[in-house]
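Student: Sharing a structure, written as structure tokens. Questions coming.
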Amino acid sequence: MQNSAPDTGQQQKRRRNRVPISCRACQNRKLKCNRQRPCQNCEVRGDTDDCVYAVRVDDRISKLSASAGRHEMQERIDKLEELVLTALATNKPPPADSNHPSGDERASPINSNPQSSIQSTNPDIGILETDSVDRHLYSGETAWNSVLYEISDVRATCTESTRSRAYEYETSHKERVQSRPHPSGVEYQPEGVQWSHVELLNQLPPRAALDQILSMFFEIYSTTMPVQYVLHQPTFMQEYWKYLESPKATGVVWLSMIYSISSIVLRFWGPDRHIPAEFTRDPYEQSEAFYQLAAHCMSLVDVNHPVKGTIEAQLILLHAGPWFDKKDITRTWLTTGDIVRLAMRMGYHRDPSRYPDLSPFEGEMRRRVWGFIYQTDLLFSFQLGLPPAVRSPEYDTATAHNIREEQLDVCMTAPPAPLALTEPTYISYIVAQNPVFRVFGDIVETLNTLQPQPYSKTLELDSRLSAAFAATPFHLKRSLPDSVTDPPRLVLQRIELELFYHKVNCILHRRYLTAHYKDSTFESSRQACVSSAMRLLTCQMALHDNHRWPHHRWWSSSLNSHDFILAATILCLYLSKDCVRDMATLTPQLQDLQQALRQSLAIWTDVRDACVDAEKAFMIFDSLRRQHPDILPDDSSGAASSNGRRFTPGTSTDKASASPALFPGEDSADFPTAIDWDLWDSYVREVESLPVSAFREAPFDESLQ
């Protein structure tokens, strides 16, 4: 009798290890199961959801569930799945129609739809899934569907009926909510008449005009935002030929691109240049009309479920918009934030090399697009003095490779070998500029941090910035005298690279311009700041050379204008500290500073009627000149002559040789010993919002002395 009990327990244990052949419901009811799916008993009782069969567990899952029975593991996974799916159904916005599958459906690994595929098997880098129409959707490791993905190996050992029930649950849930309205995300609200797709097609310019527009778009160069780099010219032209063959098959995303491109080109064309005869309106009016049509095209796109080309179309539309005043910049900044988040939703912030299902062509273009998004977000955020949406620890997308356009093809199966950066290509300018932008991003993050940073951090960033700029290839660093026979586009790129480097250098060191003036610790920062400000004004003079590029309007964007205003302000502040009242004792180096300011003021005078920023800059510095002649004397004074010297861009950028000699002196009692840069920035931003007439009615603010 004593041995019978252990034998009974051993028998029961062995019996539990066998896989039942009846369904769970028949086991509980102790009925004979015919082992159909569903079985006859469950079908009669209407309990088909409970007709679940156990499956054999492999060795790995058996080790995980050694302490728990097979049925307990099944129940726990079913419960977890139910909780996750319920949370997804409760928290996610429903889709608008069946043509745009929900993000939940595309991202969930339990979806057994064979037309979708997961492109990552490592949950640490997130999931990038492609559906049947080549739409990409990215989910990080914190997303609910990533949790399901992590347990997919465990779920694979469970019943197929559980997988089917989950898929049916999502499908039925989708059907229940298809007709509900959903938020539109990024919104475009163009003014005027609402056009249908056919009417939008009819508004396009004729082919002769479009040929000219596209030719000029890929040839022009904007020193502010060269947006044409987000497109692959040969591929885009193939799409253009398809449009000419079958216009009605063209989607609204591509239509938005072509309208935005037309708007950009007509704005650069200007009233003083021959335009196609098909355009009878003023170029700027026609440009605005095309911009409104492009915006309306994007209003027809469901950006919550982006299709191919959505990000590119939004970026080109962003570039086509106005940037003339603070309201324009703020609106552009807000739209940029939406584009950043949509791009992250599509996985642009993760390097394509992590997802082998992305084609080499698509991966390379995604790098270009993300680089442009990063630069756009950084520039507009800094313009408003706000932190950018993209932070360096949150993305790993590599810089685009230096590849010729003809080396890229949609059908290629292997990426071409990148060329050396010294090899000039269509994309080499963006590739060379990117390292400086990366350092600029780190500088902006450092300046925006709430914790005080040691001066050693500034020196470290300065070293990185100098190294990044020094790595610029030779064909992008030649001086203006050596660039006489070079194409204007290439010369403008050289000026822009130097301009951007010195702008970043001013931003990095400007806080030390007047702080602790007698402390020699910060002397190198003061020299670097003043030297870079001088170089910025030299770049302004080079860009204003109407004989070299008469149709290039550097002042048409607030981004460029504010850089030159910053440089002139820095020189004014330095002169207010360092110059003496007796102008006869001024050194030649300080006379050069005053001469640069006078030349800048002359440029603002020349373009003051062309844009609001130029008018306001002229009013500010003209008021300063009249009220403080010791800082900015008239040309008739003894300091007007600069001994015949004139700075030219492209010369040595070494701080010791490029910057004027700075002379320490006693602090003037009439000027402050430190400048509150936050207060100054807020003042400048307040000035930007004032009408031009305000400068004619009020004198220069004495508090800035």
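Just so it is clear, glycine is given a Cβ too, placed from its N, Cα and C backbone atoms.
TrEMBL: automatically predicted annotations, no manual curation.
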Student: When TrEMBL marks a stretch as region 'Disordered', which of 9-28, 169-188 is it?
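Tutor: That would be 169-188, per the region 'Disordered' entry in TrEMBL.
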Student: What is the number of residues in the domain 'Zn(2)-C6 fungal-type' (22-53) that are helix, strand and coil, as DSSP sees it?
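Tutor: Residue counts in helix, strand and coil order: 15 helix, 0 strand, 17 coil.
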Student: Along the domain 'Zn(2)-C6 fungal-type' (22-53), what average pLDDT does this model show?
Tutor: 84
